[in-house]
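K.L.:
Pasting a structure below so you can have a look.
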């Protein structure tokens, strides 16, 4: 049974009437452009064929009822007429409540909803299961009540909910690609203007995601430290964001900066340039150049931004040794564990899978999880 069938069946069973709509919003993987989003820079993600699915129907009152199929059918119920506050014990509820609360501040021309939620975006892997949930919930209200909100506004609403209600700092990329993703394409997103340009993916290329299964521990505190270091760098150049600083300007005065801040700034500036070039390489079907850019990105994250761990570096080395110059591989996501992403010809997938299976656990003591994905469509009815 797929997620649509599962949520529709559960909806009818629990609520006693059929759902009127089923909405999906995908997870994502970022091909290149890491820690550039909160510096107003560029990112190049694609939506993947793992998603959050919600079967839903409008109610004729002001109550929102939610069933989480993946959490033993836990229930949350709240009123649109009372202040929406955080749930004490169900963390998943806060993503739903946060989205609805912030939606009310944007456009409160909506009533109650019944919904059943299920998803298959791996959690804790850096593939944006939370953004996928936020965008799916926002799209439910937009579709059921014909709210005049576009994908970018639904994405911004999800980001606000995560930053302000759930209390987790994040850039806009995850929600934006979940809302705006395009089948068989990546999106070059300008995180300042939220402009997105569809970049076609070469035919016969697989998007492979390998989870290191190294438990991320430092990610919150270190993420915030990196943000502060980037802000310090922008202040040094008297610019609103590092987006506005050129590599030439940086190189001229790099020695005057705190050495650690200088390394962080150099990563962001070089990564921005790599990301724009990567979009053009992908469009031309130049997988060799894309692979070089991904390798440079990984080295920069490892040496300048210092967000990789030995397990991730090992995984990258195993994949790189297998694919040579026929594709690319790098860490993807916030860092300190999580996943690597590889762009490789489909005929190389079995060899990569085998090499990783034979070597990664032997070298690290951890078993990886291997996903082969397709660039997929953003949020909407399914």
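Each residue, glycine too, has its Cβ placed from N, Cα and C.
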K.L.:
Please state which member of 223, 360, 371 Swiss-Prot lists alongside 34, 35, 36, 37 for binding substrate.
P.N.:
223
K.L.:
Roughly how many Å separate the Cα of residue 174 (active site, proton acceptor) from that of residue 124 (ATP binding site), to the nearest whole number?
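P.N.:
Approximately 14 Å lies between the Cα of residue 174 (active site, proton acceptor) and that of residue 124 (ATP binding site).
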K.L.:
Would you mind reading off the Cα separation of residue 126 (ATP binding site) from residue 34 (substrate binding site), to the nearest angstrom?
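P.N.:
Here the two Cα atoms are 12 Å apart.
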K.L.:
So of all those recorded positions, 28, 35, 36, which one's Cα sits nearest to residue 130 (ATP binding site)?
P.N.:
28
K.L.:
Taking 10 A as the limit, how many CB atoms besides its own sit near the CB of residue 174 (active site, proton acceptor)?
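P.N.:
For residue 174 (active site, proton acceptor), the count of other Cβ atoms within 10 Å is 29.
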K.L.:
If you count, for each of the binding-site residues 34, 37, 162, the other Cβ atoms lying within 10 Å of its Cβ, which residue has the minimum?
P.N.:
37
K.L.:
Going by C-alpha distance, which of the recorded positions 28, 34, 35 is nearest to residue 125 (ATP binding site)?
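P.N.:
Considering only the listed recorded positions, the nearest one is 28.
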